[in-house]
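Asks: Pasting the relevant annotations from Swiss-Prot:
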ACT_SITE  HIS360  active site, proton acceptor
BINDING   8-11, LYS22, GLN73, 78-79, 100-102, GLY137, GLU151, ASN166, ASN224, ARG330, LYS348, TYR363, ASN374  UDP-N-acetyl-alpha-D-glucosamine binding site
BINDING   ASP102, ASN224  Mg(2+) binding site
BINDING   ALA377, ASN383, TYR384, SER402, ALA420, ARG437  acetyl-CoA binding site
REGION    1-226  region 'Pyrophosphorylase'
REGION    227-247  region 'Linker'
REGION    248-454  region 'N-acetyltransferase'
Amino acid sequence: MSTTVIILAAGKGTRMRSQLPKVLQPLAGRPLLGHVIKTAKQLLAENIITIYGHGGDHVKKTFAQENIQWVEQAEQLGTGHAVQMTLPVLPKDGISLILYGDVPLARQTTLEQLIEASNKTGIGMITLHVDNPTGYGRIVRQDGKIQAIVEHKDATEAQRQIQEINTGIYCVSNAKLHEWLPKLSNENAQGEYYLTDIVAMAVADGLEIASIQPELAFEVEGVNDRLQLAALEREFQKQQAKELMQQGVTFADPARFDLRGTVKVGHDVRIDVNVIIEGDCELGDFVEIGAGCILKNTTIAAGTKVQAYSVFDGAVVGENTQIGPFARLRPGAKLANEVHIGNFVEVKNTTIGLGSKANHFTYLGDAEIGAESNIGAGTITCNYDGANKHKTTIGDAVFIGSNSSLVAPVTIGNGATVGAGSVITKDVAEQSLSFERAQQISKANYQRPQKLKK
């Protein structure tokens, strides 16, 4: 049976006190709505219909690359009204999963269970047992079957003792949605159309309402303010760290780790405190990441050790390499095996060969460096002429003396040596020594200036 995912994302989010629409607030490096869309795609839904309202243009622009049908809810007249807006584009057959743009972490496996259960009955929902159900709609059952959802303010004292609550996540046959949604009424204290009313309609039609429980409570938690957003962030990060530890990662402190994307890990990876991983990363066997490092869209091969406060973005690092502390690898940095990149070294759009080293205070941009070369402290590849970038090529077994400036485009041949303090503007031949500096002048018995007496 074909599946449609309907996402309600029209809310204003007043309590966020933000100019950014609520569903665009970030959680683990991705907008709230982005999490929901990602899950919908994992479910292989044939259609994703997103209902937008406040900040609609901004929301649509953010997800312009996604294959989504957008439906506007110009007036926010309740959850039932929001789903009513989809009827003109909602298929007549199949089943629809109803999700929320501010409930970002419902997992694929949980939703697949709901879809499977709902396919058998025509309607299903996710419920949750909680210790304190105050404020939530209660699930009223008879002989184990769902009979009604009673809002807290309308519940009897006996019903208020019920600890099973409505999460608002439903899966309903499209045929029934086309039948029930036009019948919704706004004759209530709020003057709104409630989606929960379809439960009573299902019972009246003699349908059994399937229900499942999520494995993790935070899967169905919504976000209304920044306190809830922060709390959900920490719950999610805790769960991600747990899953990585189950894969063999050792954390110095799992509570001080943030994953804002995906990471594939090998065996015996060690991660120190306050590490942030963003985008899509991969860490090989026995990789060690020091405290305070940031990794984004980076691959690090087996045995490499990264010391504290190093930053990676779009880098590829070979095996048994030593990096940091305070190193920066920018997009296009490609390091072979057994490379050393030391403190305050920046590498951008540069390939570095086997065993080469740049241990201190160096900028390597738009360069190609061969194997077993040594780049002295303070070396700079001068790659930018004010208008265009140019390439520096350094061969194998090259020695670059400290405080050298290599003005691109320039090539340093295999086995060449560049003397310290040189400004190299011409190609250097293989196995040669090149240096360029002013002649040293020494003045004997030099007297330093004295301070004037006031």
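Every residue gets a Cβ built from N, Cα and C, even glycine.
Please situate the listed features within the shown structure.
Replies: In the three-state DSSP scheme, HIS360 (active site, proton acceptor) is classed as strand.
Reduced to three states, the DSSP call for GLY78 (UDP-N-acetyl-alpha-D-glucosamine binding site) is coil. The Cβ neighbour count for GLY78 (UDP-N-acetyl-alpha-D-glucosamine binding site), using a 10 Å radius and every protein chain shown, is 21.
All protein chains considered, the CB of ASN224 (Mg(2+) binding site) has 14 other CB atoms within 10 Å.
Around ARG437 (acetyl-CoA binding site), taking its Cβ as the centre, 12 other Cβ atoms fall within 10 Å, counting all chains.
Tertiary proximity for the region 'Linker' (227-247) is limited to same-chain residues at least six positions away from its ends with a CB under 8 Å from its CB atoms, namely 16, 25, 27-28, 104-105, 216, 218, 221, 254-255, 257-259, 263, 265.
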Asks: Tell me which of the binding-site residues GLY11, GLU151, ARG330, ALA377, ASN383 ends up closest to HIS360 (active site, proton acceptor) in space, Cα to Cα.
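Replies: Closest candidate to HIS360 (active site, proton acceptor), judged by Cα separation, is ALA377.
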Asks: In whole Å, note down how far the CA of ASP102 (Mg(2+) binding site) lies from the CA of ALA377 (acetyl-CoA binding site).
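Replies: Their Cα atoms are separated by 51 Å.
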Asks: On a C-alpha basis, identify the one among LEU8, GLY11, ARG330 that is nearest to TYR384 (acetyl-CoA binding site); the candidates are the binding-site residues.
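Replies: Considering only the listed binding-site residues, the nearest one is ARG330.
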Asks: Per DSSP, what is the helix/strand/coil residue tally across the region 'Linker' (227-247)?
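Replies: Split by secondary structure, the region 'Linker' (227-247) comes out as 20 helix, 0 strand, 1 coil.
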Asks: Return the residues near ASN383 (acetyl-CoA binding site), defined as same-chain residues 6+ apart in sequence whose C-beta is under 8 angstroms from its C-beta, sorted by sequence, else 'none'.
Replies: GLY365, ASP366, ALA367, LYS389, HIS390, LYS391, THR392, ALA408
